[in-house]
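Read the structure below first, then the notes.
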Amino acid sequence: MKIAVYGKGGIGKSTTSCNISVALARRGQKVLQIGCDPKHDSTFTLTGFLIPTIIDTLQSKDYHYEDIWPEDVIHKGYGGVDCVEAGGPPAGAGCGGYVVGETVKLLKELNAFYEYDIILFDVLGDVVCGGFAAPLNYADYCVIITDNGFDALFAANRITASIREKARTHPLRLAGLVGNRTSKRDLIHKYVEACPMPVIEVLPIIEDIRVSRVKGKTLFEMVGSEPSLNYVCKYYLDIADQILSQPEGIVPKEIPDRELFSLLSDLYLNPIGGGGQKKKNQENLLGFTRI
């Protein structure tokens, strides 16, 4: 099974992806996580350092695939999760989609691409041009990371458009949304009412999730010294269980941008309950912006 994880930049995709990967490994799966971001920090939480990228390795070998061994590009992370970083072209030049294609090509040359039960693509930001939508060409499912905020749901809506487009020629389905570090769900619920799709899980605001990223550790690793965090891991195990159930998934139909703006802004501009509630909702909006 191949899964592509998308979402607004800074929403916590890499942290979420790493914890999902470990959760899947805990369920007995052989997992490979592929970071698809020029920052090449997707797997930092699994390995504790920035591993060499596929592109760096190819360049050092003058693109002679026959001179590259699996251990040159596949690094072992926490919990037995294997890690690969695609890397990216120089800033302002080249195409990220080409890099993803070269990564998959090399893994196939190494007979590694089909050796895993789960391959998880962690894709940069909310860029859904043809280049960075490339992982969708290989994925069975897409998971969108969001929060209860305006911008994150706008990004999610654009990603659904890419899923719909790719699903025309490829058996791709949206598994659902994962809400990350959010105390409320009103905007998420309003969005999925208008654009029907599953909500896999919603994680509350837990500071240790952010701290784990800084420490370069997954929540599962942190539990070793902080057993009180075990309850957080259960969220990721629940996500893993839902993925492993091979959900039917959907091909979503995005909402037109102006319609979505009107839909979400209406909750704040015309709340039920009058001015006091309006002020409270506006304060909540500012709160989500700070997050």
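For all residues, glycine too, the Cβ spot is worked out from N, Cα and C.
Annotated ATP binding site per Swiss-Prot: G10, I11, G12, K13, S14, T15, K39, N180, R181, in sequence order. Sequence annotations record features per position, and here Swiss-Prot assigns Mg(2+) binding site to S14 based on sequence analysis. Annotation comment: Swiss-Prot describes C95, C129 as [4Fe-4S] cluster binding site, evidence class sequence analysis.
Just so you know, the Cβ of K39 (ATP binding site) picks up 14 other Cβ atoms within 10 Å once every protein chain is counted. In this structure, the binding-site residues S14, C95, R181 were compared by how many other Cβ atoms lie within 10 Å of their Cβ, and the smallest count belongs to C95.
Pairwise Cα distances among G10, I11, G12, K13, S14, T15, K39, N180, R181, which the record gives as the binders of ATP, peak at 23 Å.
With a 10 A radius on its CB, G10 (ATP binding site) counts 11 other CB atoms from all the protein chains. In the three-state DSSP assignment, the secondary structure recorded for S14 (ATP binding site) is helix. Shown in sequence order, I145, N180, R181, I209, R210, R213 are the residues of the chain, 6+ apart in sequence, with a C-beta less than 8 angstroms from the C-beta of G12 (ATP binding site). Here the C-alpha separation of S14 (ATP binding site) and C95 ([4Fe-4S] cluster binding site) works out to 21 Å.
If you take the Cα of C95 ([4Fe-4S] cluster binding site) and the Cα of K39 (ATP binding site), they are about 14 angstrom apart, rounded to a whole number.
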